[in-house]
Amino acid sequence: MRFLLRLPQIHFRKLSCSMSVLMGSKQFLEFCLLPSFASYPSSPSYSSSRQVSSVSRRFRPVLASRPVSKNSPYYQRTNGLSSYNSIPRVPTPVDTEVEADKRVVLSRLVTLRRKLAEQGVDAENCPPGQHSGLICPTCEGGNSGEKSLSLFIAPDGSSATWNCFRGKCGLKGGVRADGGLASADPIEKVERKITVEGIELEPLCDEIQDYFAARAISRKTLERNRVMQKRIGDEIVIAFTYWQRGELVSCKYRSLTKMFFQERKTRRILYGLDDIEKTSEVIIVEGEIDKLAMEEAGFLNCVSVPDGAPAKVSSKEIPSEDKDTKYKFLWNCNDYLKKASRIVIATDGDGPGQAMAEEIARRLGKERCWRVKWPKKSEDEHFKDANEVLMSKGPHLLKEAILDAEPYPILGLFSFKDFFDEIDAYYDRTHGHEYGVSTGWKNLDNLYSVVPGELTVVTGIPNSGKSEWIDAMLCNLNHSVGWKFALCSMENKVRDHARKLLEKHIKKPFFDADYGRSVQRMSVEEKDEGKKWLNDTFYPIRCEMDSLPSIDWVLERAKAAVLRYGIRGLVIDPYNELDHQRTPRQTETEYVSQMLTKIKRFSQHHSCHVWFVAHPKQLQHWDGGAPNLYDISGSAHFINKCDNGIIVHRNRDENAGPLDLVQIGVRKVRNKVAGQIGDAYLCYDRTTGSYSDSPVTPGMPERRSPKRY
């Protein structure tokens, strides 16, 4: 009892006792079981026997899992009651307040990291309560790409602060998870006022002048640009002084071992800034010595950037002026640069130099920028910069390189010079098919030939043979130049389409049917040989889904056929079998225009000719004549946007000529090299589905549309 009184919180899960003792000690039972039965209602239904039964189940003797030492505090002897107990195995109590605090911290961290990401700081792997080194989103760690940004996240995730320790950047700011963004602007620096005497500059000694002489820089140029020197211990370094309107604002030092450093807390400007104050043409180079080299070639209107080039072009948008710390020198010199109508960028020819050129052009406007291409040093190598050209080839070649500067490339804007090689190849006909490929019929070749990369729209009244004529022409193209084709023919079953193509290829009917007349059908051997040809020449595009295919779906499969099989032609037959879902506010005319633009881009990009079959609308008062292209159902864009427009019309009037006569009306030819407007007549062989030149050219009436104003 004394043991129980001392440890009232312990639950005895393994208790060895005598039931008789328990039954005989009513007070003991009431004392032990009071906490367990406190929740039961005091009702007669809960009898004493039921209580004892419950107690016996709870205090059922259980063998100990391991011996318990007699010295253990859990081993006690009482009057007539011997008991021992192992360490209780109960779950650790969960502190709900601690768990709630953890959830709050995690929620803050999610919010905080999202806000940091908006500032360009990736803090996904930065734990709270520690300082983490990251790439600065503003200066990107300079040329070396060092992790110069120190980020600290509060242990409770409530806030974060950052600071870039690079002197040229100084980005500093902070953000709170539950509040606004603290200032992330660069630290406001107080610009130092410096003088030649104050920073202890002195005239150049003979040794430094000899160094410049070896680099083809004259003493006169050094004096005009006020190049000086400074003694640091036992070493002499070159001092490039930065002046603005006669005031010394900064100084950059260069050791003979090519180590650079600048005066701290000074204004960053272009080197030689006063030389471009009254000029409309500016040359920008990458180093101070290159600026001096330009002067030796006769160009005084030249400036140099004060810092090294970046490793690569930034993929981010140009930041605002107050945040563009890496290129602050351009903003500081904007009053000078905005007057220039022509800016020649002559940075180094290596990767970082070209990246610097791109960053400068992005900020100053590419439309007024030109770029310099340095001359060749050898068969496989170009000179790197202006001073290297001056030292190796002299001032005349350097001047020539600057005068030959080319307009800076602008996406989507070209000069014809960019295409001279292509024009020469077109003139020499080195690519092939410049005149177009023969259709296989002499009567038609004078009017229409197949040019890679063009779109031909084919129309005609139903059952006039549009698909038959296209299939026959594809067979001719394969036989003559070996072209392959993708067929999106949605009105034909695959087996029927295969039969038609095999008949045209083998020149025999597929079946012993009435249409074959007395011509013997193709043999099994001929069929098997034709199947191989069929498999090597044509690639069906079939939509096996319940829905109709869209034009995007068809062009994606056609692109795959170009890359996988090398097709040179695509047939889309017909237009009205495609899925033409469009936005509620889009008219059919707008949709057709957009669709034809997609087809033409595919055709031109992959140098693949596309035949697009479009049915005419219902003809009113049709007199048996051929329709025209404006009769195509849907939009006038079918004729406006296509390169070639063709009408296929079959004669059904015995008085007008033979019934096997087919009129091929060429109604539009954009490329005069490929053909001209006119009519050609072919004879159709119903047995094999093939066409041949007709010896007669009868006049067949053409349906006229009302005059359009």
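Using the three backbone atoms N, Cα and C, a Cβ is placed for every residue, glycine included.
The Mg(2+) 1 binding site annotation in Swiss-Prot covers E286, D348. Feature annotation from Swiss-Prot assigns Mg(2+) 2 binding site to D348, D350; the stated evidence is similarity to another entry. Swiss-Prot lists G460, I461, P462, N463, S464, G465, K466, S467 with the feature ATP binding site. Here Swiss-Prot flags 280-385 as domain 'Toprim'. For 430-698, the entry in Swiss-Prot reads domain 'SF4 helicase'. Among the features that Swiss-Prot reports, transit peptide is placed at 1-16, with the record citing sequence analysis.
Counting in whole angstrom, D348 (Mg(2+) 1 binding site) lies 60 from S467 (ATP binding site) by their C-alpha atoms. Around G465 (ATP binding site), the same-chain residues at least 6 positions away in sequence with a Cβ under 8 Å from its Cβ are V648, R650, V662, Y684. When secondary structure is read from DSSP and collapsed to three states, P462 (ATP binding site) falls in the coil class. Across the fold, the C-alpha of S467 (ATP binding site) and the C-alpha of D350 (Mg(2+) 2 binding site) stand 57 Å from each other. In terms of DSSP secondary structure, the domain 'Toprim' (280-385) contains 35 helix, 18 strand, 53 coil.
A separation of roughly 64 Å, to the nearest angstrom, links the Cα atoms of P462 (ATP binding site) and D350 (Mg(2+) 2 binding site).
In this structure, D350 is the one among the binding-site residues E286, D348, D350 with the smallest number of other Cβ atoms inside 10 Å of its Cβ. In sequence order, K466, P616, A626, P627, I647, V648, H649 make up the list of same-chain residues 6 or more apart from G460 (ATP binding site) whose Cβ falls under 8 Å from its Cβ.
Neighbours of the ATP site: apart from G460, I461, P462, N463, S464, G465, K466, S467, residues of the same chain with C-beta atoms within 8 angstroms of the site's C-beta centroid are V648, H649, R650. The two recorded residues, D350 (Mg(2+) 2 binding site) and E286 (Mg(2+) 1 binding site), show a Cα separation of 11 Å. Distance from the CA of E286 (Mg(2+) 1 binding site) to the CA of N463 (ATP binding site) is 72 Å. If you draw a 10 Å sphere around the CB of S464 (ATP binding site), it holds 21 other CB atoms from the protein chains shown.
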